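Per TrEMBL, the feature domain 'Amino acid transporter transmembrane' maps to 2-375. The transmembrane segment annotation in TrEMBL covers 20-43, 76-95, 115-132, 144-166, 178-198, 210-233, 253-281, 293-313, 319-339, 359-379.
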Amino acid sequence: LQGIFVLGLPYALLHSGYSGLFLIILAAALCCYTGKILIACLYEENEEGQLIRVRDTYEDIANACCKKLSPKLGGIVVNVTQVMELIMTCILYLVVSGNLLSHSFPYVPVTEKTWSVIAFVTLLPCVFIKSLKIVSKLSQLCSLVHFIIILVVMTYCLTQVHQWSWAKFKLSIEFEDFLVSVGVIIFSYTSQIFLPTLEGNMKNPGEFRCVLNWTHFFACVLKTTFALTAFLTWGEETKEVITDNLPSFLQTLVNLCLLTKALLSYPLPFFAATEIVYACISRGNHSNYRSPLFALGVRGSFLLLTLLMAMFIPHFALLMGLTGSVTGAAMTFLLPSLFHLKLKWQKLSFLEKCTDISVFILGFLCSLAGIVCSIKGLLQVFG
């Protein structure tokens, strides 16, 4: 919930004004809600009225919803969407790593793509990751680095408190710029892809709703505080990535921290994507597909694929925006609300049904707006 997207929130406030503060809070509430209803779809009541976990993955939920149409259609759609989103995220981390290294060492005569290859070499041990426990340790380190970055930026901002002025906030906003802000804010909260796996690995899954409430609450508080203090410090000069506003003596330190964060963030989406693909391939009765060597081959192929795509796809950021608008909105808003309505319709109150339908419509509009903006950007690039 506190990914690299957080560094773009001050820039989002620049283009959304006071409404951006409201959007940060609204996005937290909506993403927390869709996380809860997605997990609710994993459970069914038995004859005694007790909730029993009858599904394990996002794919199982999709298959349950589409079983009358086709037993495996829903799962295929969800798996393809998940893998696309996860691979794009991995590639983004590689691209960001190359960019950060080239900015941190501008006097070294090495291209940005070469820096990406160097970053890739440090990620080779990922092929040996077999369990979520290892990933969780790396993610814990990633969180620590993230808080160091936030602390450095906010400490500098607080030293500039004498320059703060609420007059920097806009009352009128441009519609297209506002849509960009909506995308940055909403997608800084997305985590639905990982939730079924995380909930299934908890010692006490009954506490998961409480975990969602507290994590989204604290994420919202931290995002709002960070975005507000940074924007009040730099105002109209706020850049897309707020660390670019820092003085040069702090920029190198923060860039190296960001590089560490990007590399530590890579294993989670990588592990999730390879687990989905490996599970799909090894589902048959062929013992060769369930061997440790084959699993190593799948992970190695994925690792190489992310490097090749990071190296050779032009205008990757725009393609990432287009893919994210489709897959991000689908996995975060559209599918959880649709599946919840389908599986729990008889037990939902009128208010719950209205809420799910509203979330679905909002997700559809966000996705549509993001697709239009991304395609427009690609058309401009290609003339």
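Using N, Cα and C of the backbone, Cβ positions are placed for all residues, glycine too.
Each of these features: where is it, how hidden is it, and who are its neighbours?
Long-range neighbours of the transmembrane segment (20-43) within the same chain, counting only residues 6 or more positions beyond its ends whose Cβ lies under 8 Å from a Cβ of the stretch, are 9, 12-13, 51-56, 58, 60-61, 64, 181-182, 185-186, 188-192, 195-196, 199, 208-209, 212-213, 216-217, 219-220, 223-224, 227-228, 332-333, 336-337, 339-340, 343-344, 355-356, 359, 362.
Counting same-chain residues at least six beyond the ends of the transmembrane segment (76-95), those with a Cβ under 8 angstroms from any Cβ of the stretch are 58-59, 61-62, 116, 119-120, 123, 193, 262-263, 265-266, 269-270, 272-273, 276-277, 280, 302, 305-307, 309-310, 313, 316-317, 320, 323-324, 326-328, 330-331, 335.
Here the transmembrane segment (144-166) has long-range neighbours at 2, 6-7, 222, 225-226, 229-230, 232-233, 235, 242-243, 246-247, 250, 253-254, 257-258, 260-261, 264, meaning same-chain residues at least 6 beyond its ends whose C-beta is under 8 angstroms from one of its own.
Under 8 Å from some Cβ of the transmembrane segment (210-233) lie the Cβ atoms of residues 1-2, 6, 9-10, 12-14, 20-21, 24-25, 28-29, 31-32, 35-36, 150, 153-154, 156-158, 160, 163-166, 168-169, 188-189, 202, 242, 245, all in the same chain and six or more residues away from its ends.
Outside the transmembrane segment (253-281) by six or more residues, the chain places 3-4, 7, 59, 79, 82-83, 86-87, 89-90, 93-94, 96-97, 100-101, 103-104, 119, 122-123, 126, 129, 132, 134-135, 138-139, 141-142, 145-146, 148-149, 152-153, 193-194, 197, 243, 246, 289, 294-295, 298-299, 302-303, 306 with a CB less than 8 A from a CB of the stretch.
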